[in-house]
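**Student:** I have a structure here, written as structure tokens, and I will follow up with some questions on it.
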Amino acid sequence: MAANATMATSGSARKRLLKEEDMTKVEFETSEEVDVTPTFDTMGLREDLLRGIYAYGFEKPSAIQQRAIKQIIKGRDVIAQSQSGTGKTATFSVSVLQCLDIQVRETQALILAPTRELAVQIQKGLLALGDYMNVQCHACIGGTNVGEDIRKLDYGQHVVAGTPGRVFDMIRRRSLRTRAIKMLVLDEADEMLNKGFKEQIYDVYRYLPPATQVVLISATLPHEILEMTNKFMTDPIRILVKRDELTLEGIKQFFVAVEREEWKFDTLCDLYDTLTITQAVIFCNTKRKVDWLTEKMREANFTVSSMHGDMPQKERESIMKEFRSGASRVLISTDVWARGLDVPQVSLIINYDLPNNRELYIHRIGRSGRYGRKGVAINFVKNDDIRILRDIEQYYSTQIDEMPMNVADLI
């Protein structure tokens with residue numbers, strides 16, 4: 001097991017990495033030498049899966065995808081220390097889809113996640129990437145009808161993504177048969193342990209065939225996780241992904257000086273035609289501000305959708321579905337959107353409010369240029385926000401220039 005490497009980087013190293021255009025030069029740590037595969041075409045993936053990857057909007061694999069997908073496909077047990085925003089979900093999703101025998105209508109891969117939302121998101125991602133493969137994939141989560149789970153599992157599912165409690169329940173009821181499972185993925189393993197799922201994870205593992213390949217993704221590697229990897233894994237390869245250096249790459253960042261809060265709205269209206277060139281997300285710091293801005297934009301006859309954490313899950317899902325499909329083009333949101341949700345078409349982010357802490361900045365704008373896409377981020381900055389903007393610049397060793405008149409040409 002490789003020693004737990006430090007996540008910190010010096011200011012000068014951070015600066016060097018941020019300016020680095022070539023993702024293969026991102027500082028990476030692995031427990032052994034790992035080949036870098038710079039394109040999806042050179043990974044040896046099946047043709048119908050490649051079609052799904054490109055149709056989904058991915059163009060170039062992210063740094064973790066360039067390193068981990070080949071290792072997982074080869075059958076290696078893999079520990080990926082990585083946070084959301086690095087492309088981790090697509091890393092294991094592509095690998096899982098590559099390893100399936102579609103002719104066999106039995107569960108061949110099991111993915112455990114800490115929350116229902118994440119499990120559903122993983123399931124939807126698998127169905128989208130596997131669109132040309134005729135893949136069956138079910139989300140097995142608490143809070144839903146048990147009978148429906150049993151019916152779906154009886155029908156036959158190639159992949160099951162779910163929360164540990166419900167998955168174990170389905171295994172115990174013999175509705176989820178484990179004999180054909182080849183791969184177990186533990187996503188956000190540290191979060192699962194924080195939520196008290198340790199027992200259920202071990203219970204699930206005991207029912208899997210002895211030769212099951214294990215892929216574990218975790219932002220941190222505390223003692224309990226390392227204990228789990230020792231029990232579940234054989235000679236795992238460990239890949240550490242440092243996120244902050246990756247995600248400002250290829251993103252042009254600008255600010256617009258607004259003297260007072262009231263002027264932000266007029267500035268946004270002036271920019272609306274630019275927003276709808278592709279798709280845009282507008283971030284506000286509070287739910288109340290999201291509701292207020294949405295109403296004000298609609299009163300001015302602009303088409304926008306909005307989302308925040310107080311909305312019922314069903315409503316959030318349908319808003320995300322509309323946005324993903326391109327039916328809605330401008331989404332106003334709080335930071336609930338900024339973590340782990342992939343919409344490849346988003347190429348413009350507007351910070352109507354600068355984030356309350358500088359770590360959130362990368363969560364927000366890092367998504368606008370992911371997977372080799374370029375992006376633009378525009379920050380609305382009041383006079384008393386200048387200090388915060390400078391702090392963000394310094395923290396990320398980046399440069400945020402005044403927005404040029406021709407910003408539409410850059411998107």
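Cβ atoms here come from the backbone N, Cα and C positions, even for glycine.
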**Student:** Motif 'DEAD box' per Swiss-Prot: which of the ranges 27-30, 31-34, 103-106, 187-190 is that?
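**Tutor:** It is 187-190 that Swiss-Prot annotates as motif 'DEAD box'.
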**Student:** With the ranges 38-66, 154-182, 241-269, 270-298 to choose from, which does Swiss-Prot describe as motif 'Q motif'?
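**Tutor:** Swiss-Prot lists motif 'Q motif' for residues 38-66.
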**Student:** Any idea what the Cα distance is from Thr89 (ATP binding site) over to Thr163 (phosphothreonine), rounded to a whole Å?
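**Tutor:** Their Cα atoms are separated by 15 Å.
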**Student:** If you count the other Cβ atoms within 10 Å of each Cβ, which of the recorded positions Lys60, Lys124, Lys296, Lys321 comes out on top?
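**Tutor:** Its Cβ has the most other Cβ atoms within 10 Å: Lys124.
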**Student:** Report the DSSP secondary-structure composition of the motif 'Q motif' (38-66) as helix, strand and coil residue counts.
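**Tutor:** Final tally across the stretch: 18 helix, 0 strand, 11 coil.
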**Student:** Non-local Cβ contacts of Thr163 (phosphothreonine) (under 8 Å, 6 or more apart, same chain)?
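**Tutor:** For Thr163 (phosphothreonine), the qualifying residues are Leu112, Ala113, Pro114, Thr115, Arg116, Ala119, Cys140, Ile141, Gly142, Phe197.
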**Student:** How many Å lie between the Cα of Lys124 (N6-acetyllysine) and the Cα of Lys296 (N6-acetyllysine)?
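**Tutor:** Computed Cα spacing between Lys124 (N6-acetyllysine) and Lys296 (N6-acetyllysine) is 33 Å.
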**Student:** Go ahead and report the DSSP secondary structure tallies for the motif 'DEAD box' (187-190): helix first, then strand, then coil.
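**Tutor:** So the motif 'DEAD box' (187-190) is made up of 2 helix, 0 strand, 2 coil.
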